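Pulled from TrEMBL, these are the features on record:
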{"type": "TRANSMEM", "residues": "28-49", "note": "transmembrane segment"}
{"type": "DOMAIN", "residues": "42-291", "note": "domain 'G-protein coupled receptors family 1 profile'"}
{"type": "TRANSMEM", "residues": "61-80", "note": "transmembrane segment"}
{"type": "TRANSMEM", "residues": "100-121", "note": "transmembrane segment"}
{"type": "TRANSMEM", "residues": "141-163", "note": "transmembrane segment"}
{"type": "TRANSMEM", "residues": "205-227", "note": "transmembrane segment"}
{"type": "TRANSMEM", "residues": "239-261", "note": "transmembrane segment"}
{"type": "TRANSMEM", "residues": "273-293", "note": "transmembrane segment"}
Amino acid sequence: MDAANESSEGAPFILLGLTTSPGQRRPLFVLFLVLYVAGILGNGLIVAAIRASPALHAPMYFLLAHLSFADLCFTSVTVPKMSANLLAHDRSISLAGCLIQMYFFFALGVTDSCLLAAMAYDRYVAIRHPLHYATRMSRAVCTALVGTAWLVSHLHSLLHILFMARLSFCASHQVPHFFCDHQPLLRLSCSDTRHIQLLIFTEGAAVVVSPFLLILASYGAIAAAVLRLPSASGRLRAVSTCGSHLAVVSLFYGTVIAVYFQPTSRYEAERGRVATVMYTVVTPMLNPVIYSLRNRDVQGALRALFTGRRISVADS
């Protein structure tokens, strides 16, 4: 019995992916390849344009550049492996590979969460306290916000991976998911997982739910200020912008909370996979469109980037 358990412990995991139907694999491969390329190009262009244009060195764009970079890396942790597995016969991944994938997935996901909160706070300060904006959102403050986001996210991820690495997997090693994630792996473990569940509901809530509540509070205050604008067209434009931001933020946080903040016994693989696609593929692809590509300054910087023309602060 011990020999059987030891053999099972050393066996690789098999990622079952999004579907077990052979007829759906190629269409899904094409779909996610298109989404992935669109996300990489969108986020990559935003980072390049912000770095190249002096007109986009304001705090908002500094935060946006880090969000786009985090999104670019976030999708690259899961989508290439998922796409390859849609066409490959061997869909195995070692325990070490699984933990590494989980580490960067959690770290980059929490970085996204913290940066979205920082961007909401930036807009709140700009609209509610415009006279103090330069001091409240100075370069030092922005650097501290970004540094804290990256530090907290990696500490969060390291803590979770250290707990996951201590689990024993002596049941089936078939993972009903397209990457190594908490809930499906916990269901395969024959160890006591209560301590990890408690960690998810406490420390995990602190780095996911808290930023979400901060974003809602920030946009609530912004909405109150917008309603006092004298211009009807200005109110409509501001409401449209805030509405699109909140729609993407709600999609991201709503699916994250639905997947992780439930007992493992209630986790449903099919619903979990669909929800995960929303925040791992769809929202990183939408962020460049929602936050930047509709912005005239960003559009001008992108045109300058493609034409090779230098753009100065006076052009903005």
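Numbering starts at 1 and runs along the chain as displayed.
Cβ from N, Cα, C; glycine included.
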Averaged pLDDT score, the domain 'G-protein coupled receptors family 1 profile' (42-291): 87
Distant-in-sequence neighbours of the transmembrane segment (273-293), which means Cβ under 8 A and at least six residues beyond its ends: 18, 32, 35-36, 38-39, 42-43, 45-46, 64, 67-68, 71-72, 74-75, 78-79, 105, 109, 112, 119, 176-179, 181, 244-245, 247-248, 251-252, 255-256, 258-259, 299, 302
Within-chain partners of the transmembrane segment (141-163) [C-beta distance under 8 Å, separation at least 6 from its ends]: 59, 62-63, 66, 99, 102-104, 106-111, 113-115, 118, 121-122, 182, 195-196, 199, 203-204, 207
Candidates 28-49, 205-227, 239-261; stretch with most C-beta pairs under 8 Å toward the transmembrane segment (100-121): 205-227
Beyond the flanks of the transmembrane segment (28-49) by 6 or more, those residues with Cβ under 8 Å of it: 18-19, 56, 64-65, 68-69, 71-72, 75-76, 79-80, 82-83, 86-87, 281-282, 284-285, 287-289, 292-293, 298, 301-302, 304-305
Residues of the parent chain within Cβ reach of the transmembrane segment (239-261), under 8 Å, 6 or more residues beyond its termini: 109, 112-113, 116, 120, 181-183, 200-201, 204-205, 208-209, 212, 215, 219, 222-223, 226, 272, 275-276, 278-279, 282-283, 286-287, 290-291
